[in-house]
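Contents: one structure, followed by commentary.
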């Protein structure tokens, strides 16, 4: 409501102007007159009362209360705590940047940062490319394709704890996979005892479980790719691979950016898969601990260091925010 | 789109004020003041809340009857019973303590009770005459189990004790050429037998599925803490020797390769599937073996805990009275009622636990065998409890356990020498102790 002409002389505020202004013959900024109204002042007065300045705030109030209580307050509280030495049962004192400087010398923090970053580097490309290929496979309208779509989506709705435990049983020294490897002469592989294999196994489970979710996003994007483009490319002699690169990929590029952003944030904040597969200690000697696991381990329990855990949380937040901004910026550059 | 110039400014100011002030109020909300000063000798009436730790599933009727009997004995009282799941109990206590909603009577182990006592949230039983008069009813060791280094007093009524035997697989012992009727009793015998088992099975059968914990250090005879209780000492030569022996076991596959990430559950699963030859347990496990692994059950051997000190490890559970309870007399009376000799004996007969009251372990239930394996385990465990020790210091927090576990794992993997690993663990634990 940027036009001052829409502001009524007597009405209670600019929001009311939407109605009162129209009564006075004013036009909205777009210049298009809204629906006709019966003439006369009788109907205008109650209408103006219904559009008090506080009306939008009243509508927004339930949402605002929820956001303030469950998003804003915990966020600000975490931010404040990160500058204190607060513990689970002891009120904290202001310690300035002490928690952040301690982090620089904390091996556990660097291990967590390394693992979270590695997780992102490996998982994100897989989750950007593989679901697209899967979506292309199930995009075709052939009999029975619904079954495959459902099958690929099933891991998404399964509990991560259940999924993790199933993979733990399969990857165990005496599990299905090692039995097969032993039978074919390769011998046992320490999927759950080697620090790197354990992390890779957790990454595999994340990718396996996430494929269906991102596949659905790609399917909706593929549905919007004009068929004529493919037909024109075919007429011009482009093969399937070339059509994929020159038609499909550019058409779903913004979806790929979205998937990249979503999966990178999720991968950097990974917790459940590693916790279930590597155990609460975070793998052998805690070498598979991720940053979020470190927050959980440091800040919980009766002796939890809430202040220090909050400081790690703030670092995780800053990094994930940075990742999102980077992805958005890269997308804008491409658009330009 | 702007709504108005005045309202948003006010709203923004209010929101900013709320955002800044609420966290500040939260900062000041925790921490105990030392509890109320009223004596617990008042009238026993009113409502209290009693919290247990994962006991409702198996013992609902026992506790309902217990509470009904208490309410009948003390008319005008009402006990609300809440039970918390096994997982994340410490987090639940932490949230309740921070929020000022800690129940009046709380089931705690010594390591959970210690931080609450330090925060002034646990009633000192020794300094309250109404509670202190019951001291003589309990085993001295059990009463002392809730004393915290650096604090005067006792912070929980001793409740049930637990200890368990080592189970071993006789068939695997026999296959390795070991005498199935002579299982190891000391750590030296254990190391020797484990290396033999690994050698004879070509590294396919490990003897143990767990890395050494603080209890193992205690049972090996390592001094865990200094006499003042303000520093850890498990990096002494005996501790290094223990860890060095475990390094040999790990290299020889006498310790399961997945031991570094094992949990009690996963280790139990390894024993069930006969991938490892020995595992600690309790009388309850016999039933599991019988139903879940009948072939293992046929070959099960039962032997006392491995110890080189002659004293086995025991776990202690207690009932803490909230220092800030508004019904102190009723809370003390109820905590004592639940833990008195009669009720502990009744509970022990329903669950595989042992009473902490003086003389109760002399009951025939704990001294006479009836020919069953369960009774044999019970009688042997009750006998060992008379000299048992809780080797885990009350100040040894979960974070400290993680630090020790991580350093032990580094030594087992050969990334650090046992001495360096234990030095690092002691340094981290000392630092955590200072911060607690």
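Glycine is treated like the rest: Cβ placed from N, Cα and C.
TrEMBL annotations: computationally assigned, not manually curated.
Feature annotation from TrEMBL assigns region 'Disordered' to A:1-48.
The compositional bias 'Low complexity' feature in TrEMBL is assigned to A:1-15 (among others).
Taken from TrEMBL, the feature compositional bias 'Low complexity' covers A:23-46 (among others).
The feature transmembrane segment is assigned by TrEMBL to A:57-76 (among others).
Feature annotation from TrEMBL assigns domain 'ABC transmembrane type-1' to A:113-327.
Look at TrEMBL and you will find A:117-138 (among others) tagged as transmembrane segment. With a threshold of 8 Å between CB atoms, the same-chain residues lying at least 6 positions outside the transmembrane segment (A:117-138) that come near it are 145, 148-149, 152, 199-200, 202-203, 206-207, 210-219, 222, 244, 248, 252, 256, 259-260, 263-264, 267-268, 270, 290, 323.
The transmembrane segment annotation in TrEMBL covers A:150-170 (among others).
The transmembrane segment annotation in TrEMBL covers A:196-223 (among others).
Under the heading transmembrane segment, TrEMBL lists A:244-268 (among others).
The transmembrane segment feature in TrEMBL is assigned to A:306-328 (among others). Sequence-distant neighbours of the transmembrane segment (A:306-328) (same chain, 6+ residues past either end, Cβ-Cβ under 8 Å): 78-79, 81-88, 92, 95, 99-100, 102-103, 109, 112, 116, 120, 257, 260-261, 264-265, 268-269, 291-292, 294-296, 298-300.
Remote same-chain partners of the transmembrane segment (A:150-170), defined as residues 6 or more beyond its termini with a Cβ less than 8 Å from a stretch Cβ, comprise 134, 138, 176-177, 192, 201, 204-205, 208-213, 215-216, 272-273, 276-277. For the transmembrane segment (A:196-223), the residues of the chain that approach it from at least six positions outside its boundaries are 115, 118-119, 122-123, 126-128, 130-132, 134-136, 138-139, 149, 152-156, 158, 160, 163-164, 167, 171, 189-190, 248, 251-252, 254-255, 258-259, 262-263, 266-267, 270, 273-274, 277-278, 283-284, 288, judged by C-beta separation under 8 angstroms.
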